[in-house]
Amino acid sequence: MLPLTMTVLILLLLPTGQAAPKDGVTRPDSEVQHQLLPNPFQPGQEQLGLLQSYLKGLGRTEVQLEHLSREQVLLYLFALHDYDQSGQLDGLELLSMLTAALAPGAANSPTTNPVILIVDKVLETQDLNGDGLMTPAELINFPGVALRHVEPGEPLAPSPQEPQAVGRQSLLAKSPLRQETQEAPGPREEAKGQVEARRESLDPVQEPGGQAEADGDVPGPRGEAEGQAEAKGDAPGPRGEAGGQAEAEGDAPGPRGEAGGQAEAEGDAPGPRGEAGGQAEARENGEEAKELPGETLESKNTQNDFEVHIVQVENDEI
């Protein structure tokens, strides 16, 4: 009974022992796999030769691969493996390209494909926006290559935005529109100029002179009365006939002669109108002008005196 039990146990444990994993040289760890398969997108003559040999194996004889640069080779590979023509390579397209270039024999066993680690490494280092897709710019620009030749103590080159900003400020300073806005007076200066102009216009020395000039140019009630008197003297009427009779009679004394003499004497002698005219001339020459209400009262009094004198002359002629 015991040998039978031992035989059954041996038969049950034998397949399990043969199927258990074993250590061997045919199964390297992940670190060894990563070292054996470098990133072909990294700059270097060895990686470039690897990609060129892959393209030669494809039979692309229309392109001279020896004269292509690294950027041109990568763009050529990108165009070959962008199957959906989206302008981006996803993980499967990267896996297909790297498997065909690095390990063609591992394409039939995806579970043991060592290129998967390379795809993960490429997406980790070169996928800058982290969307899981590779653009041509991300494929060509390997991170850390541009700063490799720069020493730590060496200052970096200034950004191109700084000279543009300086040039823009100089153009703004030289622009005629900015100069006009700088030269144009502001609202405070205009208001200040208006206040000074009003002060000059309200100067008490200049205001009477301006009123005197206005009085001299604009005909007032005195000028209208004198014009009416001249018109009456020229037009034929009872006064004109009386004046003609007075001249015909000569120097004979009479009431009409006395009236004509008085009229001529009033023409020669200064009267109220002459005094008013002298006052107006004195105002125009620079004397101090009187206030406007007093001047209007004086003109009214002069007009009344002139009308009374005309009535007296008519009564004398009649």
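The backbone N, Cα and C atoms fix where each Cβ goes, glycine too.
Since we're looking at a predicted model, the values are computed, not measured.
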Suppose a student reads Swiss-Prot and sees Asp127, Asn129, Asp131 listed for Ca(2+) 2. Which of Glu93, Glu138 should they find annotated at that same site?
Glu138
Based on DSSP, tally up the residues of the domain 'EF-hand 1' (69-104) by helix, strand and coil.
25 helix, 1 strand, 10 coil
What does DSSP give as the helix, strand and coil breakdown of the domain 'EF-hand 2' (114-149)?
17 helix, 1 strand, 18 coil
Between Ser86, Gln88, which of the binding-site residues has the fewest other CB atoms within 10 angstroms in the structure shown?
Ser86
Identify, among the binding-site residues Asp82, Asp84, Glu93, the residue whose Cβ has the fewest other Cβ atoms within 10 Å in this structure.
Asp84
Quick one: mean pLDDT on the domain 'EF-hand 2' (114-149)?
80
